[in-house]
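Okay, structure first, notes after.
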Amino acid sequence: MSCDAPPSTEDLMPRRSRYDRGQTCIKCKSQRGNLVIKHTVYCSSCLPAMLVRKFRRALSTSLDPAAPSRGTPSRTPPPDVILGLSGGPSSVVLLDLVWKCFSAQGSGRKDERRQVGKVRAVHIDWSCLGRASLVESLKENCDHYGIDFTVVRGEEAFEPAWRNAVGLDGSAADAHIDLSSARLPFVPSLAGPSDPVATLRAHLRSLPTPTSVPATLHTLTRLLLLHTASSSDCSVLMLGTSLPRLSIDLLETVAYGGGFALGAEREEIVRTSRGDVKIVRPLRDWSLKELGWWLYSRQLSVPRGVNGKPTQALAPTGGKTIGKLTEDFVIGLERDYPSTVSTISKTAAKVVPAEEAAYTCAYCLRPAQKDATRWKAGTAIMSLPFLITNAATDPLTPPKTPPLPAEKGLADSLCYSCYTHLTARGGTGAGKIPALASNGGLVTLGEAGMPMPVWVQQKLTEEEMRESIGGFLLEDE
Amino acid sequence: MAPPRTCALCQTARPIVRRPKTGQQVCKECFFHVFETEVHNTIMSAKLFKPGDRVAIGASGGKDSTVLAHVMKVLNDRYDYGLEMYLLSIDEGITGYRDDSLESVKRNQQEYGLPLKILSYDELYGWTMDAIVEQIGRKNNCTFCGVFRRQALDRGAAALNVDHIVTGHNADDIAETVLMNIMRGDIARLGRCTLICTQGEDSIKRSKPFKYAYEKEIVMYAYFKKLDYFSTECIYSPDAYRGHARVFLKDLEAARPSAIIDIIHSGEAFQIGEAVELKAQQTCKRCGYMSSNDLCKACTLLESLEKGMAKLATGDRNRRRLDEEPAPENMRTIPMFHRATPAEPAAAP
C-alpha cells in the first residue's frame, strides 16, 4: 500500500539492550554469570545441566509424548536410532550428547539410557560435487564414541544398485521427465546405464533456478538418510538441527510454497517401503550460542569447520539463492533478536495442514494437497484461447483459467514445493552456478529429459496395469 | 539475424514488458487483458459480489487503490457485475502527504463519476496523525495509524451503508504479512491474513481483489494506462517490523519471482491447530466496535493519547498503568459504532 515506504537501514527494528536481568546466574542465584542466553544469565556450572535437560526434554517429547515419568521402566522396547551427521557444529554436539546421555561411559543414568536402543551414525558424502570429504574425521569421531559409522555417497540417489540394496521397488526403469511441459511427462531414457555422478550432475544442472539446487540437495540428503535408516531397521532418525537452522528451514519451506507440510520440518513420520521412520530434532531449541558454548566447554572439534557451509561449493555467482538469503536473514535475527528466531519455530508448531493430505509426494515423500500443482495455474494466465484486438471495447468471451494439458506426468504426483523447484523460473537476482555449468569432465548424458532419483518412478495407470496383465484376466461372466 | 520477438500470448504484437509474475514477454494489450482477467477470475472464483451489492473502494490516492478503482470500474462495466460503487477515503491528517493524495482521489472521482466520502481521523477521533506524532514521536506511530484506519474504514462504510469494502492490498502485501505474522508469532492474524474476504461478526465484508496481483504489475498497469496517482511515500516512519519482512521478501522475489505467490500458497495451505486458543470476539464496551478485549484497540489507543500516555499504549503489559491513570475531564471517546440496517436510508456521501 502506498503509505508503506520502502524501509531504509535505520528504519528496521530497534536493537534491544542485553543483560537485562542482572549479572547473577538465574539458576543458582549465587554465582556470577558466564553466558547470556536469550537475555538470561547462566553460570558455567548450571549451564551444562540446563542444556542436557533441554536436549532430553525435546527428545522425550518427540519420541513418546505419553512416555512414563522419569525413573519408570519403559514398557515398550526402545527404538534403534540412526544419527544423521553432516559434520557441522550441531551434528558434533548431537553425537557428544547422545554419547553422554545414552552410554554407560558417558555417565547417562541407567533408566534414562533405556530411552533409545542401538545407536549408529550415517553421513551423506557429497564430495562428488566438489565438497571436501569429511568421512575420515567423522569416522574418527564416531570411533572415539564407539558408535557404528556408515557413509552413503550422494550419487547413490541415482544408483539402481543402491535402490535394490535399501529394499526399494526395483521393477521400474529409471525415470526421466520432460521439463518443457508443465505436467512434467515421463520420457523414455535414450541413454543406457550411466555413471550415477553424471546423472546427479545432470539432474542438478536441469533445475531451472539456482535456488532449486541447494533445496534439492537438502531433499536428496533427507531421502538418502531415511532410506538408509529404514533399511537398517531403525525407526528413528535423529538430526542435529539447531534452532536457527530450524527457523531457516521453516522460512525456506514457506518461501517454496510448502506450508502444507510446515509441521514436518519440526517433526515427521515418513512411511517407507520397510516401515515408518520418525525424524526427530532434539537440538531444535538450541541457539548458536549454546552450541558454541558446548563445543568450547567440551573441547570438541568440528570436521566441517565452524563456518563451513555445505552449499558453498554450489553457490551461484551474481546472486543468492532463497536458502542463502533466508540463512543470512535468520542468522542476523539470531544475533540481534534471538526471541524472534524462537518465535518462528513456535509459530510453526501451532499450525496444521488446512486439509487432509491427498497423496504422498513422489520426490520428497511428504504429504501433498489435492491439485497442489494446479493451484498456481489458477493465479496467472499463461496462454490465450483467442487473439486480443482491443480489450477495452471488444466483447470478450467469458474468461476462465485456461485448461491445463490433459497429459499425465510426474506433476500429478508431486507436492507444491517440489513442483515449484522443477518449474519456477529465476529472477533478475538468481545468478548462475559455475560448478554445475560444466559437467566436470564427465560423459554428457543423451538428450533424454531430466533424470530423476531412483525412488521416483512412473506409476502405471489402471488401464496400463490392466493391459499388462490382460492375458491372464478372465472375461466377466 | 534473429527474427523479431513476438508477444508470448497473442504471438503477433511486439512485446513491451516481461511480466514479473510469469516471466513471459507480452505486448501492452495482452498485459492489460491478462491483468484485468486475472483480477476478474479472482473475484469470480471467490464469489466476492452479487448483483446489487453496494461496494466501497478504499481509496488512498496511491497506486494500488487508484488501479483498483480503475479496474473495478472496467470489470463492473465489462462483465455487468451490477455493483453500486463508492470511493471511500480516510484523511489521517498528515500535512504534505494525505492532503495531496486526496487531491488525486478527487480527480479520480471526477473521471470515474463515483461518489466519494472522506472521513477524517480528526472528525472521528479528535486527533490527526500530525498531532499523534507530536505526542509519541515517529516510533510506533504506524500502530496508531493502522488501528485507527481500519475502524475509520468500517465506520465510513457503515455511513455509506455499503455491504463491502474492497482494498488495494496486493500479493506482495499479503506475502509480507504472512512472513511478518510468522516472525512475531501472531497466530490469530496468520490464520486469516491470506483470506480473500474477511468479515467480523458485526462488521462489513472486506476483500482484496488484488490478492494474486504483483505490486510490480500494478505499477506497470498504472504506468501504461497513464493513471493519475500520488506516488510520494508517507512522511512518517514506516512500520519497522513490516519493513524487516519487506526487505527479505524483495530479496526472495529477485531470486525467484514465484516466491511471492508461493508464500501466499503456504499461508493458504495451513491453518491454526485446534489446540491453540484464540481470544473470543466481542464488542467494545465503549464504542461497540468488534474487539477481543473489553475495550477495542482504537479506544485503548485514544484513551492513552487523551491521558498523554500514548507511549504506553502499544504494549499489553502497560495496560494496568494506563487504567490507573485518572481520565481527564472531557476525555474524547469514539462515537458508538452503528451499522445501518438495510431498511435505513444510506447517508449522503
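Glycine too: its Cβ is placed from the backbone N, Cα and C atoms.
Unlike curated records, TrEMBL annotations are generated automatically.
What TrEMBL says about this one:
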type    : residues                                                        : note
BINDING : B:GLY58, B:ALA59, B:SER60, B:ASP64, B:ILE90, B:GLY168, B:ASP173 : ATP binding site
DOMAIN  : B:55-233                                                        : domain 'tRNA(Ile)-lysidine/2-thiocytidine synthase N-terminal'
DOMAIN  : B:282-313                                                       : domain 'Cytoplasmic tRNA 2-thiolation protein 1 C-terminal'
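The helix, strand and coil residue counts that DSSP assigns across the domain 'Cytoplasmic tRNA 2-thiolation protein 1 C-terminal' (B:282-313) are 13 helix, 4 strand, 15 coil. Ranked by how many other Cβ atoms sit within 10 Å of their Cβ, the binding-site residues B:ALA59, B:ILE90 place B:ILE90 at the bottom.
For the domain 'Cytoplasmic tRNA 2-thiolation protein 1 C-terminal' (B:282-313), the list of distant contacts is 125-127, 132, 135-136, 140, 143-144, 147-148, 150-151, 154, 188, 200-203, 319, 321-322, 325, 327-328, 331-338: same-chain residues at least six beyond its ends, Cβ to Cβ under 8 Å. Averaged across the domain 'tRNA(Ile)-lysidine/2-thiocytidine synthase N-terminal' (B:55-233), the predicted model reaches a pLDDT of 91. Those binding-site residues from B:GLY58, B:SER60, B:ILE90, B:GLY168 lying by chain A, with Cβ under 8 Å from one of its Cβ atoms, are B:SER60, B:GLY168. Within 10 Å of the Cβ of B:SER60 (ATP binding site) there are 26 other Cβ atoms, across all protein chains. With a cut-off of 8 Å between CB atoms and residues at least 6 apart in sequence, the same chain places B:GLY58, B:SER60, B:GLY62, B:LYS63, B:ASP64, B:SER65, B:VAL67, B:LEU68, B:LYS208, B:PHE210, B:ILE218 near B:GLY168 (ATP binding site), listed in sequence order. Spatially close to B:ASP173 (ATP binding site) yet at least six residues away along the chain are B:GLU215, judged by Cβ distances under 8 angstroms. When secondary structure is read from DSSP and collapsed to three states, B:ASP173 (ATP binding site) falls in the helix class. There are 26 other Cβ atoms within 10 Å of the Cβ belonging to B:ASP64 (ATP binding site).
Of all the Cβ atoms in the protein chains shown, 23 others lie within 10 Å of the Cβ of B:GLY58 (ATP binding site). Taking every pair among B:GLY58, B:ALA59, B:SER60, B:ASP64, B:ILE90, B:GLY168, B:ASP173, the residues listed as contacting ATP, the largest Cα to Cα separation comes to 19 Å.
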